[in-house]
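What TrEMBL records for A:TYR379, A:THR398, A:THR399, A:LYS400, A:LEU401, A:SER402, A:ASP563, A:TYR564, A:ASP565 is FAD binding site. The annotation domain 'Photolyase/cryptochrome alpha/beta' is assigned in TrEMBL to A:118-262. Taken from TrEMBL, the feature domain 'RanBP2-type' covers A:662-691. Here TrEMBL flags A:1-88 as region 'Disordered'. Residues annotated as site 'Electron transfer via tryptophanyl radical' in TrEMBL: A:TRP497, A:TRP550, A:TRP573.
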Amino acid sequence: MAASSPPVDTRQGGLQRCAEPVRRWQGAVPAGRVARPSEADLAAPSTRLGSGERGAVRVPPAVPEGSNRWAGPGASWPASRAGSHPAEQFAMVPPSRRTAAAAQVPDADAACIAGPRVYVVWHKHTDLRLHDHEPLSRAHLESPRLPVVHLHVFDPFWFGRTRMGKFRKTGALRAAFWRECVADLRASLRARGQDLCVRHGMPVGEALQQLAQSVQVVKAFTYAEVCSEELEQEAEFEAALWQVTKGKGELVRCWGYTLHHIDDLQHGPSPPEKWITPYLSFGAFKKEISAYRVRPVGFEWQARVASGGSVVMSPPPALDKPAWWGEVPTLVALGFTAEEASAAEVLEPRTQYPWRGGESAALARLEEYIWGRRALRVYVGTTDWSTSGKCSATRDQTTKLSPYLAFGCLSPRLLYWEAQQFDRTQRCKGTRGLINSLLWRDFYRFIVHYAWGNRMFHLYGPMNCGSVPGGHKEPTKWCCKHYNNLFGGSDPRLWSWGRDRETLRSWAEGTTGYPFVDAAMLELRATGYMQHLSRETVGWFFVRDLRLDWRLAAEWFESRLVDYDCVLNWGNWVYFILTQLPARMDDRPGGGPRYTLPLYSPYLMASQVLGWGSEHDPTAAYVKRWLPQLGHLPPALAREPWRLFADSEPELKLSAVAGDSATEFWACTACTLENPAARSVCEACGTRGPRCGGLAAAASGLGVYGRPPIVPPPPEESGLHGSCLACGHVSLGWAGEDGRFFCGACWAGWTAEEPMVEGLAAVHSCEGPVALQRADRAHARALPPLALPAAVATSGLREPGAELAAAALRTPIQGERKRGARWAVRGNRSGVAEAAVGA
DNA sequence: TAACAAGTTGAATCG
DNA sequence: CCGATTCAACTTGTT
């Protein structure tokens, strides 16, 4: 892998990034050499980007009430709302006028090149919309007025392979979403008398050159990007433009994507180069950025129209060949196999939201979310650990707009002002949460642009991994030392991250043995989406437990996420995962390196997964949805299935599962009698037993969860006790979020009334099967997991229980909750009883 | 908001 | 009196 990587060149700083693109990677670190950023790397890159006419508009004017939904030219805001803004849209040009308008265009160079003179709006896959689109409005308002060609290119580069992991750079699910976005953009343009020129199978430069054979490109407009690969494309496009216009054409880059405009920052009280440093924290950024206003939607267009611009869109060029505009390529044409393509067409029923690509879908979701469901009232966003049990698990607790924002189907400013508008009518915390999330996008975009540059993709990250963003004085030494402590290398500069392919595969395919991780990874594979919280969890697990190169995981995300966004994905990896590596050695007796996380710090790494799992998926509904083979287990065991086999009773150890049939047995589901594994029918009542019998059956039904997980689970906690209502046994147990105590001895409390598994309630009576309640631990364990397959299979298809989580919030658990590994219940019997009845 | 841990600072303590 | 250690208090980071 190292041999095929591009050569390391640390001399490239941000300054040169545009002129001579740097590879995103430094590749694998060669033996004996450490990828160490040079001084040039540490220097902040210059600002080359920004709109072409910086300074034209300084400070956004105050936003008049109700005018913030002004969506600019070609806005495709739903018709029901469009009436409120008379000047909102460019007038539609009737087709009959098209030819006439095109014919009037002055055509000075017609002798050399055939075809009309045009402006080109280059839509990238980060701005597939019409509303609030500065390049688009500039092209249509440019003087002299010329026809405008909207261009989108499916560059094969995005459908190649990632550098380290060799994953598809764009997975099939995202590609399908991408297609839908482009098709929708084309439909919107056609509805306005325009069209979208679509090319695929060729790089952007080539596409432009091909375009130039039939039209004369005068100028091109696009949004600016900040990452190296995107900048490479921009440079390529610019070079081609230079060529086809004989040096006269200009590529106009506008600043978009963020909530705040870069011009506002640059003309603000202090230059951004000063305060945006690699060690800037989000809090500090937020403080600084609060001094700036967010421009209204369509601001740039508004300013131009106010200074005498037209409100009529330029007509598209008159071309007699309809085929010239090209077709939106199929997935197969984009390089996917037929199987992949057809699989991407099928909607996964367990998906959190049935995304459909495109601006109109984005606006519809926005409308539905904010005004229809008024869901900002319940918005949670990413994670809220100040309120216990609060999780972003249901459909409305996050906006589900992230794919639309990533593809630019939705302007963040529109979202911002809509949220503000909602906040005016109904003040709620969700508005602040949502705006906060939008500011995270700004944070990453600006910090990458001004400070991180390509170092975001380096192994040690842009900050070289001090313990906290905020930085250390000598980051490189510091980080090497502690990486060395963690991974046991002898020379601080020589250790390398793991690259084990099989470990990577088990993580990516969701077979690590940790259900919370596996469920998330399976969801990612199946739907291309994962909650933010899950992303953090699997990320920590990947880096700290599996100890693999974090960039492999980031690449996997890049490949699979439908809402993948270069800056956000890599920025989050760097800021949340990479910076949270160990900071110092443990000073406790016998302690090794101390692994720390910014939130609750449990004892060791894997327990973090457990802690977050029990915190945010208290009923294990999420786990069971994606891992139906665990559906029959109580929540605590569904999160930690290895407890089924490895516990204090030696005859039940995993080794017994492997083959010692003498120690196996099964419990009759009807009468609970224990039967030896050899018997296929219950000795007492004749009920048929599980086909394979006992633990072996349990293990085989559990798949990978019949084996120990990929890394050892954290040590059991000791000395934490609760007393069981059913058996009175004082032992380790688990408390569910609804206040019930799950006894470790008799397991009363979970079996029959587990509300999240619909099937169980259907199979057993409401009273709860006496047999199960009387079952001792061994019985319960030996219950055949296949007894309820149909029931369990249907149980995973519903929303995670919002009402249950809400109930949990109302019922504080008696006793002390230890954050981290699991719920530990202290207290006497009456205390538990109080909690159990929900007092 | 409360909650956690890491890091820093400065005073108290010890030999 | 000085250097080294210890410890409490405070700061940072996040919603």
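For all residues, glycine too, the Cβ spot is worked out from N, Cα and C.
Features per TrEMBL, on structure.
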| residue | record | DSSP class |
| --- | --- | --- |
| A:TYR379 | FAD binding site | coil |
| A:THR399 | FAD binding site | coil |
| A:TRP550 | site 'Electron transfer via tryptophanyl radical' | helix |
| A:ASP563 | FAD binding site | coil |
| A:TRP573 | site 'Electron transfer via tryptophanyl radical' | helix |
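Of the recorded positions A:TYR379, A:TRP550, A:TRP573, A:TRP573 has the largest number of other Cβ atoms within 10 Å of its own Cβ.
A Cα-Cα distance of 17 Å separates A:TRP550 (site 'Electron transfer via tryptophanyl radical') from A:ASP565 (FAD binding site). Spanning the listed FAD site, residues A:TYR379, A:THR398, A:THR399, A:LYS400, A:LEU401, A:SER402, A:ASP563, A:TYR564, A:ASP565 have a farthest Cα to Cα distance of 22 Å. Between the CA atoms of A:THR399 (FAD binding site) and A:TRP573 (site 'Electron transfer via tryptophanyl radical') there is a gap of 22 Å, rounded to the nearest whole number. Confidence across the domain 'RanBP2-type' (A:662-691), taken as the mean pLDDT and rounded to a whole number, stands at 64.
Cα to Cα, A:LEU401 (FAD binding site) and A:TRP573 (site 'Electron transfer via tryptophanyl radical') are separated by 20 Å. Around the Cβ of A:ASP565 (FAD binding site), the same chain contributes A:THR126, A:LEU405, A:ALA406, A:ARG441, each under 8 angstroms and 6 or more positions distant in sequence. For the domain 'Photolyase/cryptochrome alpha/beta' (A:118-262), residue counts in helix, strand and coil come to 58 helix, 33 strand, 54 coil, using DSSP. Annotation for A:ASP563 (FAD binding site): spatial neighbours A:SER402, A:PRO403, A:LEU405, A:ALA406, A:GLY528, A:TYR529, criterion Cβ-Cβ under 8 Å with sequence separation of six or more. Taking the C-alpha positions, the distance from A:TRP573 (site 'Electron transfer via tryptophanyl radical') to A:TYR379 (FAD binding site) comes to 24 Å.
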